[in-house]
Amino acid sequence: MVGQSRKWTILVATIWIQAFTGTNFDFSSYSSDLKSVLGISQLQLNYLSVASDMGKAFGWCSGVALLYVPMSVVMFMAALMGLVGYGLQWAVILKLISVPYILVFCMCLLAGCSISWFNTVCYMLCIRNFPTNRSLALSLTISFNGVSAALYTLIANAINPDSNSIYLCLNGFVPLLVSCLVLVPILRQPPSQKNLPAETVKRDAFIFLVLNVVAVVTGLYLLLLNSIVSNAVVARVLLVGAIFLLVVPLCMPGIVCARDWASRTILPSINFQFLDSASFTLVDIEDLELRKRLVSPTSELVEISSNGASGDLKVSCKETFEKVLIEKNRLLVLGEEHSASLLIQRWDFWLYYVAYFCSGTLGIVYSNNLGQISQSLGFSSRTSSMVTLYSTCSFFGRLLSAAPDILRDKVHFARTGWLTAAIVVTPFAFFLLAASGSETALSATTALIGLSSGFIFSAAVSITSELFGPNSAGVNHNILITNIPLGSILYGLQAALVYDSQAAGGSVNIFSLGEALVCMGRQCYFQTLIWWGCISILGLVSCFFLFLRTKPAYEQLDRKQFRTESYEAMSTT
């Protein structure tokens, strides 16, 4: 029981780490001030956001480091990287020091690397301590990374609502403080428990459901009440409420366990004959149904085989196409461990890579440009609200990634299929904003892309561990997200070139901010949004093929789990 309580404490510690280390989400809050102080162009500002994303390219180093040094050491290394990277940027924006542009670039790179290292620590904490409910733990904890911008906005408004530079100071010091708070539970991790009793697994699933409800309340609180912040006093009151909601998950497992204890010790002493009779009848019917399904275990395989045979008779000119894109080098079993060399030989990995590159990465680039997009459309006063909206919707998207696990008893659908469904809204959102530059369209686009991106970010960790092995996830997932700096360079470069050309061409209104020109008007990002919409369609197609290739492996896993659960049910009855 002590080990059970420790693992829930670790889960809450992981939630706190994620909630305060998504510091890349608030880049748009201070990017305009950074651009003005440095006197740089939009292209040069884009390179700074690229540098932050490039830090993720070194995330694999954290996976390797975890093989040789304790997790707490890796966590504090991440905190120190963030302290140096963001702290020096804060000194630059306050004009306390004067450094060349290349050094600011290196600071952003170091800060981005710290985020990736924190994420790796959180992923491995969930994978090691929740082997049975791994996906639920990952989706819950990763979702809190999406509320970082809203939390930092509250803290910044509580300290000084008129200063945007305060974000950089908070980005440097808050993660270090949180790392100190969660040090004890990380040092006292329980031993790994792979084969848990069915009763414990069921109870854990219920606890996760309760924690997801608490997470939804937290997200709604931050989304709805952040907009009413009018002064520092109101922000401080709301901040106290937000911290209280972050502490609540620490109590939920204890309440659920106390309820289970009461049901085991108090309720059995009360003998209700009619309840016993109803319970006996229910077990008998279920037992009969299980026996019918288990009488001929090969019937399902025969049916699949016959369907496959009949399908082969219908194949004509599609045969070559399917063999190349659907059949070749297909993953047949989920959970098989993949080394880095084997990973890059898989077609499934490259379809997965392209799908992420053309969807989730686009969402990150959009959030990095959100400040300039709002400014160009004439809504610069709404930048903080838009950043909060994107962050909070990303939070809800990450929570939704738990749907495949919560509904797995009722809806048997491959997780890659859910990922495909999440990407569908991305091209629609980009085309919507390109067609209308209104404030409503900006809010709707930001919300949709936040939801889609958040789902992708969270689901991708579970998909990586399922397709390519849980023990290798720390390295393999960081190989996957090397597409983020690559996409940040390509997409951000294209957006910056269009922005600067529109400002220099004189086709739209421009004005000077320090030494930098600011483009005003819909045309500043019109071409960029059209390109992004088309690219996201490519990501949708790639993810659809990934779904077709991995669907049989997920179906095989569902059949295996059904037989296991049926056997356990028969044993208990």
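Quick reminder: no glycine exception, Cβ is built from N, Cα and C everywhere.
What TrEMBL lists as domain 'Nodulin-like' is 7-253. For the domain 'Nodulin-like' (7-253), the model's pLDDT averages out at 84.
Tertiary proximity for the transmembrane segment (64-88) is limited to same-chain residues at least six positions away from its ends with a CB under 8 Å from its CB atoms, namely 17, 21, 23, 97, 99, 103, 107-115, 117-118, 120-121, 124-125, 168-169, 171-173, 175-176, 179, 182-183, 186-187, 474-475. What TrEMBL lists as transmembrane segment is 64-88 (among others).
If you look up TrEMBL, you'll see 100-125 (among others) marked as transmembrane segment.
Taken from TrEMBL, the feature transmembrane segment applies to 137-159 (among others).
Long-range neighbours of the transmembrane segment (165-184) within the same chain, counting only residues 6 or more positions beyond its ends whose Cβ lies under 8 Å from a Cβ of the stretch, are 13-14, 16-17, 20-21, 23, 26, 29-30, 33, 72, 75-76, 78-80, 82-87, 89-90, 93-94, 111, 114, 118, 152, 155-156, 159. The transmembrane segment annotation in TrEMBL covers 165-184 (among others).
Under the heading transmembrane segment, TrEMBL lists 205-225 (among others). Tertiary proximity for the transmembrane segment (205-225) is limited to same-chain residues at least six positions away from its ends with a CB under 8 Å from its CB atoms, namely 8, 11, 133, 136-137, 140, 143-144, 146-147, 150-151, 154, 238, 241-242, 245-246, 248-249, 252-253, 256, 388-389, 392-393, 395-396, 399, 402, 406.
Here TrEMBL flags 237-258 (among others) as transmembrane segment.
For 336-551, the entry in TrEMBL reads domain 'NFD4 C-terminal'.
Taken from TrEMBL, the feature transmembrane segment applies to 349-367 (among others). For the transmembrane segment (349-367), same-chain residues at least 6 beyond its ends with a Cβ under 8 Å from one of its own Cβ atoms are 24-25, 27-28, 49, 53, 343, 373, 387, 390, 394, 419, 422-423, 426, 446, 449-450, 452-453, 456-457, 460, 463, 467-468, 480-481, 483-484, 486-488, 491-492, 495, 532, 535-536, 538-540, 542-543, 545-546, 549.
The annotation transmembrane segment is assigned in TrEMBL to 416-435 (among others).
What TrEMBL records for 447-468 (among others) is transmembrane segment. For the transmembrane segment (447-468), the residues of the chain that approach it from at least six positions outside its boundaries are 123, 127, 134-135, 138-139, 142-143, 145-146, 331, 334-338, 343, 346, 348-349, 352, 356, 359-360, 362-364, 366-367, 389-401, 404, 415-416, 418-419, 422-423, 425-426, 428-430, 432, 476-477, 480, 550, judged by C-beta separation under 8 angstroms.
Per TrEMBL, the feature transmembrane segment maps to 480-499 (among others).
Annotation source TrEMBL lists transmembrane segment at 529-548 (among others). Sequence-distant contacts of the transmembrane segment (529-548) (same chain, six or more residues past either end, CB-CB distance under 8 Å): 325-326, 348, 351-352, 354-359, 362, 365-366, 414, 416-417, 419-420, 423-424, 426-427, 430-431, 433-434, 491, 494.
If one looks beyond the transmembrane segment (137-159) by at least 6 residues along the same chain, the residues whose Cβ comes under 8 Å of a Cβ in the stretch are 11, 14-16, 18-23, 25-26, 29, 119, 122-123, 126-127, 129-130, 166-167, 170-171, 174, 208, 211-212, 215, 218-219, 222-223, 226, 229, 232, 235-236, 238-239, 242, 384, 387-388, 390-399, 401-402, 405, 450, 454, 457-459, 461-462, 465. Long-range contacts of the transmembrane segment (100-125) within its own chain (CB-CB distance under 8 A, at least 6 residues past either end) are made by residues 10-11, 13-14, 17-18, 21-24, 38, 40, 44, 47-49, 51-56, 58-59, 61-63, 66, 71, 74-75, 77-82, 84-86, 88-89, 92, 138, 141-142, 145, 171, 175, 186, 189, 461, 473-474, 477-478, 481.
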